[in-house]
Structures are given as C-alpha cells and as structure tokens.
Amino acid sequence: MMASKITEQEVKHVAELAKLEFPQAELEQFTTQLGSIIDMFEEIANEDTDGVEPMTNATDRVNAMREDKAVKASPEETAALLKNAPDAADGYIRVPVIIDESEDGE
Amino acid sequence: MDFYQTDLSQLHDDLVNKKISATELTRETLDHIKGNDDQVKAFLTLDEEGAMKQAQAVDEAGISADQLLAGIPLAVKDNILTKGLRTTAASKMLENFTPVYDATVVEKLKQAGYVNVGKTNLDEFAMGSSTENSAFFTTHNPWDLTRVPGGSSGGSAAAVAAGDVLGALGTDTGGSIRMPASFNGIVGMKPTYGRVSRWGIIAFGSSFDQVGWLTRSVKDNAYLTALIAGNDEHDTTSSLKEVPDWAAQLNDSTSIKGLKIAVPKEYYDGLRADVKAVIKAALDHLESLGATVDEVSLPHTHDGVPAYYILASSEASSNLQRYDGIRYGYRAPEAKNLEEVYVKSRSQGFGDEVKRRIMLGTFSLSAGFYDAYFNKAAKVRRLISDDFTKVFKDYDLIVGATGASTAFKIGAEIDDPKTMYMNDVLTVPVNMAGLPAMSLPAGFSAEDGMPVGLQLIGKPFDEQTIYNTGYVFEQTTDFHQKTPQLGGQN
C-alpha cells in the first residue's frame, strides 16, 4: 500500500526533530506504516468540533502549590545516581568531546 | 503453592495464626513461580534474595491482626520504580537502570509490609497490547501458551492467572490493565485519573496513565487499590478526595437492586459472536440480580482509537525526550559527539513500537500539523468525555465488553500496528475521560475456550459502585474459580 499522508522526506524530517535515525530500508517501512496510521487519524477530521474546547487533561486539580524549599541529595543518593550514568568519573558524568577544537575561533 | 484457593484475608489469617510463616509463604511462592515461569515468562526480574529478606523482616517483627498486607507476596510491573531493584520498562534503553527511589505506590506497599517477589514483563514503555513489544521476551497466556496475555500489563496478568501471586501492580494508559485482565480471566481495575499517585511510574502519557491492580478477586482488588490511593505531594494531579474503604462495603448484604445500568451499543454490537454471547449472558445475569439494563449510545466511541493514538503518542514523544544517553540509560558506544550521543543512543535503545509512537507524536505536534492532529484530537477527547457525562446523568454504571475478541495468537498482529491499535477500541475512551473502570471474568468463549472480560465503567471517583457490582456478579457466578491447566489444554 502506498502511503498517502506522509512522504519519505517528511518522515526523515520528523525523525530529525525526534533525534532518531533510520537506515534506508527501515525508513521505507516506517513511511508505509506511519502513512497507514495517519490515514486512520484522518477518521476524526470530519467530526464537527466547532466551538469545542480542547481537553488536555482529566485531573480534578486546578493548581497545586508547595513551599519553595530546596532539598539536598545525600552523598549516597548522588553516588547511586551516578551509578546509572553510562560513563562517570570523579563524581561527574562523562560525555564525548562536544566542542570541535578545530573550529575554535580563539 | 499457588494462590487459586485462597484470598488476602484467608492468607492473612493463616499468617496471624502461624499456620504458615511469611518466610515459608514466600519460599513456596518463589518455588511455584520457578516451576512455571519458563513457560509463562511473566517475570523480567525475580527478586528471590530481596523477597526472602522482606519476609524474614516481617516474621521477626510479627504480624498483627490489623496488618492485612504484612508478609503477602505480590508482584510489580517493571515500569514502576523499585529502589535498588532493576527497573527496565522492558526496554533496552533501561536494561541496566537501578532506581534510586521507590514509586509512591511501592513505598505505601512497603510500609504495609508486602513482599515483592519481582518485576513483571510488559510491552516496552507500556506501549502495546500483547507484551510482544518487550525488548526481552514475550509473555505467554497461561490459558493457552500459544496466545498473548494482552498488554501492556501482560506479565502482571499472566502471573496472577498462573497462580503466582494474589495480585500484581499494573498501569493503564489506554487499557493496559483491563485488557490483559480480560484475556487472562482475572480482575483488573483502572482507578479514576488522579486517584493514585503517578510518582515513580515511568511516564508514557501523563494525562492518561494510572496505576492499578490485577487480582484474582474483586474484594482483594478493592482492598489493595485503597491502600495505594490518595493524594501525594509528588504528583500534582493526584486528587485531594478522601479514599473510601471500598472493601468494607463488600459483604453478604451488598446488592445491586435498582442499579441503573447503561449498555452502549458501541460496546456490544461489534463484538465477535462468541464474545457477544458471553456478554449477553452477563447482562441478563445483572438484570436477574435486580439491576435495570438499558441500551444507550456513546456516539464518539469510534473516534477513540485515532484521537487516543494522536494524544498519547504526543505525550509520549515529549516524555521520552529524557532518554538522551547522557545521565542514565543506554548510550551508543560509538557516539563521537553530542548529536551522535542523542541520535544513536535513542535509535539503538528504543524498539520499533516506541519509535513509531515517538514519530507519530512528533508529527502530530509539529508545525503545520498541530491543528489538524493534536488540537483536533484534544477537541474530540472533549466530545468523548461529554458522551459519558450525558449518560451518567441518567445511569449509575456503564457496562460492556472489555475487548471485542479473546486473546489472539502470538505473532498474529505484531506486523500490523493499525490492527493492533484497534484492540483498544473499548478501553481507550475511559482513559480519555479519566473514568474508573474494571474488567472482571464474565465467562469463556464457546469458540476458543478463552476467558472473556466484562467491563464496568463508573462515574469519576465512584469506584464503589464498580466494586459492588463486580462483587455481586462474582459471588453469584463461578467463572473466577476456573483456573488454567498449565502445560495442558483447557
């Protein structure tokens, strides 16, 4: 089935926004699948919603306030948090170099 | 031991009267699970050591008559944080993630002295209807191992159906408690949105997610749900309303005489014939118990699946932005710069269904499409919610099927996302409106012998009417007493 609602280019664009990437074969499959699901989304297009207020939650709360008080994590909690980091050293999370020095203008 | 012939209060009495110790009970529970879980595969993590420690602590402290939950083995869906115990959401992204705090619901259970035997399987990040989207393995339905247990709380449902535990925690964003309950012939309750704190639940669709229990009996469910419910300062959407003692109302004098039941034709007309026959008999039975049963219409029901998948995917795409490969979770080893850390970690760490939802959500929220998709769906959500409000002006309870079919075969729908999504047609409208709803055993299909679930939908915060009706139905039928014969045909 050919997808009518979304093109491969658009899927690529959405993937960029979502910080995802797909190899070419998967891209084609995703385009077909997403197109078919977006076709289904179209089923609500003809519903008369003039003057209808959008509903984005179902809570009975209007607002919830609390005292603005800082709570400090214990060293044990900090250590446990760092244990979950993919790469950590000396109490810090380590990441790959993010500044390309060759483009450093200093 | 299995938990087929007992319930919470019976087990509690046995523990208080020292017919069995918490340590013995936990040992036997773990042995039972180890005897069947290579077939059922309900558990992602079996916490033998932790469970035995908890049981020993309970035995040492002693169990008093008012501690109904002390020493009772239960299970927890693996998208609910358990401090110090690996919590994966069935995703490669969180394969090695160990929470540093407990979800509020887990903290409450700990205070009550429960014994957590382990973490149950689910569709990755609770996105799916079969557990086939788990990054690790598929759970099998104990009634027929070639079939799915439903999802996303499929591991919890299968564990209860296999007699592993009396109850297991689940989450329900679009039917993820009720649908597996229906597929496994057990009780599954999604409380009113805001009834139970979502703190420590791995977020999927924050305006839909709600925690609840899968149990063998209605009364156990009422007791356990009350125990985890109530306001929590960590979840600003959790309600300030008082939590009634629902279970206390369930006894020999519970009656549904004069109860006004509405049956939406949309929850009845399109059912598969064998499911329809079971639901028809269940409705007749409710009528014979003194309820009035009228046909009504919820005219926007068919909009539920498209509107839900737009809104829930949009919320998911936002919630899942946090998985960036930096602070916790999977990081692609070959990533050379920041952009690659993000893109490669997410592309390798997430499974296909999660990526599909992120893509659908990002698309629905993106410039040029927001009005046609997200905003339109939010308006349709209002129409669906208003449908329920109108019916509840004249009726106490809405009753219909939980699913249009019974548990399907493993592999039958996994390559066709749209067909998979349509399984949720009778469950998602409830989440759109934030209502409480329960699935309970209504009988068995004459065609495939699989369990069929009856769905009871209540007014906001009126879990009591649901529990009363479910209790009376259960006490006057014997479907809940039937148990699967693992390893053989039913």
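Note: Cβ is positioned from N, Cα and C throughout, glycine not excepted.
If you check TrEMBL, you get these features:
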type: ACT_SITE; residues: B:LYS77; note: active site, charge relay system
type: ACT_SITE; residues: B:SER152; note: active site, charge relay system
type: ACT_SITE; residues: B:SER176; note: active site, acyl-ester intermediate
type: DOMAIN; residues: B:24-466; note: domain 'Amidase'
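Shown here: features listed in TrEMBL, placed on the structure.
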{"residue": "B:LYS77", "record": "active site, charge relay system", "CB count, 10 Å": "31"}
{"residue": "B:SER152", "record": "active site, charge relay system", "CB count, 10 Å": "35"}
{"residue": "B:SER176", "record": "active site, acyl-ester intermediate", "CB count, 10 Å": "36"}
As a test of reading the model: what is the averaged pLDDT for the domain 'Amidase' (B:24-466)?
97
Hey, how far is B:LYS77 (active site, charge relay system) from B:SER152 (active site, charge relay system), Cα to Cα, in Å?
10
Which state, by DSSP, holds B:SER176 (active site, acyl-ester intermediate): helix, strand or coil?
coil
If I take the alpha carbons of B:SER176 (active site, acyl-ester intermediate) and B:SER152 (active site, charge relay system), what is the distance between them in whole Å?
5
For B:LYS77 (active site, charge relay system), just give me the three-state DSSP call.
strand
